[in-house]
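Novice: Provided herewith is a single structure, encoded as structure tokens, for subsequent inquiry.
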Amino acid sequence: LLDPRVKVLAVSDPFIDLQYMVYMFKYDSVHGRFKGTVEIKDGKLVIDGHPITVFQERDPANIQWGSVGADYVVESSGVFTTVDKASAHLKGGAKKVIISAPSADAPMFVVGVNLDAYDSKYTVISNASCTTNCLAPLAKVINDKFGIVEGLMSTIHATTATQKTVDGPSNKDWRGGRAVNGNIIPSSTGAAKAVGKVIPALNGKLTGLAFRVPTNDVSVVDLVVRLEKEATYDEIKLAVKEAADGPLKGIIEYTDDLVVSTDFIGSTASSIFDAGAGIQLNKNFAKLIS
């Protein structure tokens with residue numbers, strides 16, 4: 001909505017009505033109250049005077065995207081993450097579908113990493129996960145400059161909607177059923193392995209895990225790498241700074257301020273390298289924070 005290059009024409013949510021949409025957009029526990037106008041007019045959601053058609057279909061095949069002229073659909077339900085399931089949007093007139101999550105079979109692309117491999121013949125693609133979008137650009141910079149022999153990643157991840165406020169049943173992930181408040185919860189993540197899909201040279205060289213923590217927003221990637229070429233930590237910082245100011249500008253950002261997590265709320269960068277938080281054991285072994 002804030003990007004003049006993108007025109008939001010419609011949304012689909014089968015679980016809430018228009019009045020509730022207005023309320024949820026106007027008031028946000030993380031980002032605060034929306035400073036513009038939000039209203040209902042002629043059966044549409046109107047934000048800052050911009051009308052948005054609202055569909056309420058559970059089956060994406062029934063959403064008439066073509067009727068409003070929508071070419072691109074962002075599939076962000078977390079449910080329809082395979083090519084077959086996400087392709088249902090095409091039946092309603094959409095031309096392309098971007099899955100905002102990892103996919104078992106859709107081609108995966110991370111901005112700043114492998115978009116050059118995109119082919120216009122693709123109708124359904126995956127934009128990977130938030131963690132992969134943070135990790136992959138950093139891994140690319142380090143691998144291109146120094147080479148990565150192997151690495152381990154931890155993501156200290158903010159609370160997500162699937163977690164529980166109090167202990168409850170979670171048959172697939174027992175720890176995931178524990179109360180989010182007051183707990184640090186170890187969890188699995190495929191983000192590090194997914195980097196191997198977008199950077200083939202790193203396939204099999206990275207793996208990782210997640211810790212869910214009781215914060216509302218902002219997560220951090222902790223990447224420990226063994227380097228092929230010796231490098232001081234200052235040389236590593238310089239490589240990231242040059243990428244942030246050059247080819248990956250707007251994708252990677254660089255800070256040497258003494259920041260904490262809430263300082264990043266609202267950031268549009270995929271990955272913000274915290275130069276002051278990283279450490280190094282020797283010239284081939286370092287921990288990087290982004």
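Cβ atoms here come from the backbone N, Cα and C positions, even for glycine.
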Novice: According to Swiss-Prot, Ser129, Cys130, Thr131, Thr189, Gly190, Arg212 bind D-glyceraldehyde 3-phosphate; which one of Thr160, Thr165, Thr255 is annotated to that same site?
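Specialist: Same D-glyceraldehyde 3-phosphate site in Swiss-Prot: Thr160.
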Novice: Across all protein chains in the structure, which of the binding-site residues Ser129, Thr131, Thr160, Thr189 has the highest Cβ count within 10 Å?
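Specialist: Per the Cβ count within 10 Å, the most buried is Thr131.
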Novice: Please give the D-glyceraldehyde 3-phosphate site's span as the largest CA-CA distance among Ser129, Cys130, Thr131, Thr160, Thr189, Gly190, Arg212, to the nearest whole angstrom.
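Specialist: Farthest Cα pair among residues binding D-glyceraldehyde 3-phosphate: 16 Å.
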Novice: If you count the C-beta atoms lying within 10 Å of each candidate's C-beta, which of the recorded positions Arg58, His157, Gly190, Arg212 ends up with the smallest number?
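Specialist: Least crowded of the recorded positions Arg58, His157, Gly190, Arg212, by Cβ count within 10 Å, is Arg58.
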Novice: According to DSSP, collapsed to three classes, what secondary structure does His157 (site 'Activates thiol group during catalysis') have?
Specialist: strand
Novice: Tell me, how many other CB atoms lie within 10 A of the CB of Cys130 (D-glyceraldehyde 3-phosphate binding site), whichever protein chain they belong to?
Specialist: 18
Novice: Report the nearest neighbour of Arg212 (D-glyceraldehyde 3-phosphate binding site) in space among the recorded positions Asp13, Arg58, His157, comparing Cα positions.
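Specialist: When the Cα distances are compared, His157 comes out closest.
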